[in-house]
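K.L.:
Please read through the structure below; I'll follow up with questions.
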């Protein structure tokens with residue numbers, strides 16, 4: 001034993017220094033590895049009385065850490081190790097948990113139960129070192145926790161008014177942190193911190209809800225106000241520019257002033273300048289005395305409580321909810337707010353789409369947003385610019401007057417049989433016999449020919465052009481009247497009437513198309529009235545001249561009327577749209593210059609025509625007749641056909657064609673020719689009354705009034721003729737037929753005269769409007785032929801009273817048709833009407849806005 005001890009002691013004297021160096025290196029390396037792996041250093045309180053231990057209770061068994069000092073290799077160094085450990089306590093490491101505070105020692109629960117070694121020394125056993133996968137997972141958790149904290153802080157940060165709250169919140173957080181550091185009860189501290197965070201989130205989101213909902217509501221009211229101001233500002237601007245054009249000494253000065261005006265208007269229309277959001281939120285009353293400000297704008301500024309009241313109610317509802325429901329509502333609100341607050345980038349594009357539906361027909365007079373497609377395919381706002389040039393009216397008046405003279409010829413030809421048939425059946429005047437059947441064909445063949453002309457007119461205006469097609473009817477009108485004037489038999493009269501009716505069918509289709517493609521929208525309503533007015537003038541002229549002339553002289557007058565029409569048609573150009581359709585861009589530009597004025601900028605309008613033509617070419621390959629048979633197209637087409645049916649079967653053309661004969665059969669005490677003149681004057685004046693009321697009272701109201709007036713007068717006329725034939729003497733009531741005819745014509749001209757033609761252009765879908773209008777026009781001429789051809793036969797078979805009662809019964813049925821099926825289109829854009837009829841919207845062409853040629857025939 002002593003020898004072993006001496007050898008050990010002697011060996012220890014030489015080996016103590018290497019072992020001490022090794023333990024120092026071991027301590028440094030373990031400390032460094034523990035810091036890198038996120039381990040926590042724990043100092044063990046060792047008793048100096050512990051005299052024996054083994055190195056394997058201190059060192060990990062991994063030889064990677066220190067292979068040179070393994071207890072298995074050097075068991076003789078155990079005693080020396082015990083002596084060294086009396087001066088230097090060992091190290092113990094464990095994983096750092098998420099709940100640990102690096103500034104505080106571990107709790108009793110976190111410390112492991114010490115294991116007793118072979119001696120009396122108590123040491124904490126070391127866990128095995130973590131693997132590389134565990135190290136990566138631990139670092140990932142730390143990064144995710146840091147990112148989550150950063151994201152939570154960014155979500156809770158608000159703008160503007162919340163800065164002060166965050167400062168107070170920072171102070172409260174520091175106070176709570178100090179209190180938590182001083183608190184020894186960790187669970188109590190966590191409860192306080194959680195409660196504070198919930199209170200902060202609630203108060204912050206209440207403020208956010210109130211502010212952002214105010215912002216959203218203010219934007220809605222602001223968009224409505226801007227939509228109104230677009231119209232008012234541009235109207236004022238247009239008048240200003242018109243006055244400036246008259247007063248300007250030079251063109252350069254005018255354009256310079258116009259550019260300055262557009263710049264000021266661009267600023268005034270900018271939402272950030274015209275309608276500050278803080279005025280609504282703060283309830284500013286500084287603008288209360290400004291003149292000319294919109295009433296809605298004032299109400300929003302002076303009564304902000306109207307906006308915030310529903311928001312406060314919603315906040316009270318939120319406060320009454322449970323914590324879970326409130327958190328759900330808050331999350332939903334945050335999702336909405338992330339969309340609504342990005343207003344600077346998206347607000348204008350959204351407003352453009354919304355205002356397209358609101359502005360409707362007013363888009364011509366407003367200052368619209370102009371979109372430009374960028375390289376990435378997204379639309380962006382480029383500039384504001386006006387849509388129209390200053391109106392150069394005189395050339396457009398000349399164009400409208402030229403085609404309206406053709407309408408005068410149409411009206412004269414249509415009313416020819418009413419005064420002419422009386423003298424034509426008189427054997428003392430006519431050299432040939434005209435039987436009752438032949439007389440019915442003289443009146444009825446013109447509508448039949450008009451049906452054929454309407455069908456042929458569609459291809460002709462596309463092949464020859466609008467102007468050339470109208471011009472081509474002038475010579476046949478002259479020939480037809482000369483053929484009737486020089487007739488020696490009924491066949492010549494019928495040939496002349498057929499040729500005249502064929503030209504009437506072509507003209508009635510081409511005249512509205514020409515006006516719609518040449519006249520600017522600002523004057524289209526006024527100039528669009530000229531064909532209707534001139535058509536009724538032609539009817540009145542025929543009635544007045546027929547009271548002094550026989551049928552032959554009246555026909556010679558009809559041959560002279562187309563001459564000024566023929567001359568003026570040579571002075572006006574073809575429509576620009578037709579030139580664009582033929583690829584003649586330069587000729588289209590010249591036509592626009594003639595119509596709009598030499599100084600006008602016609603390039604924007606020309607580009608619009610080219611885009612419309614491109615859209616039409618893309619749809620040209622479709623079979624339009626098959627499109628008519630689709631269910632969503634049949635409804636508007638059926639309504640249009642129904643209105644045409646009730647218009648003609650009200651008996652209007654029978655009354656116009658046979659007015660003199662009706663008054664002669666009635667035995668009226670008033671001269672028949674004078675009665676026709678009075679009816680013509682009423683027809684002419686009633687047209688203007690209908691134009692004034694049609695956009696004020698509405699379409700359906702006027703149809704109701706028109707139908708009721710016709711039903712009453714037709715039944716009264718039927719009763720008069722019945723009493724004259726079978727009943728008591730009514731000779732003392734000779735004024736009654738004229739009174740009934742005046743009321744009948746007045747009622748027809750208010751409603752069933754112009755409205756079926758107007759609604760045909762409104763309710764028919766854009767893609768089938770051309771073909772559907774041709775079908776409706778042809779059907780109208782067919783009904784006209786049936787009524788005029790069978791009227792005299794009806795009076796023979798049923799008596800005059802039976803014919804008028806039949807027409808009255810049909811009008812009575814038409815009243816229910818209007819009530820049930822006809823929609824109200826007053827004040828609605830063509831897009832809105834089509835959306836209601838078909839459930840979708842497309843861009844409408846300018847031709848769709850015209851009022852078709854309409855006069856009583």
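Cβ atoms here come from the backbone N, Cα and C positions, even for glycine.
Not measured: the values here are computed from a predicted model.
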K.L.:
Can you tell me which of these residues Swiss-Prot lists as phosphoserine: 154, 183, 248, 338?
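P.N.:
Of 154, 183, 248, 338, Swiss-Prot lists 248 as: phosphoserine.
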K.L.:
Write down the residue from 184, 249, 329 that Swiss-Prot flags as phosphoserine.
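P.N.:
Annotated as phosphoserine in Swiss-Prot: 249.
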K.L.:
Would Swiss-Prot have residue 527 on the same side of the membrane as residue 765?
P.N.:
yes
K.L.:
Which of the listed positions, 638, 731, 845, does Swiss-Prot note as phosphoserine?
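P.N.:
So the answer, going by Swiss-Prot, is 845.
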K.L.:
If we count other C-beta atoms within 10 Å, could you say which of the glycosylation sites 428, 550 has the fewest?
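P.N.:
Counting other Cβ atoms within 10 Å of each of the glycosylation sites 428, 550, the minimum falls on 428.
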K.L.:
Using C-alpha atoms only, work out the spacing between residue 550 (N-linked glycosylation site) and residue 428 (N-linked glycosylation site) and round it to an integer in Å.
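P.N.:
That separation, Cα to Cα, works out to 11 Å.
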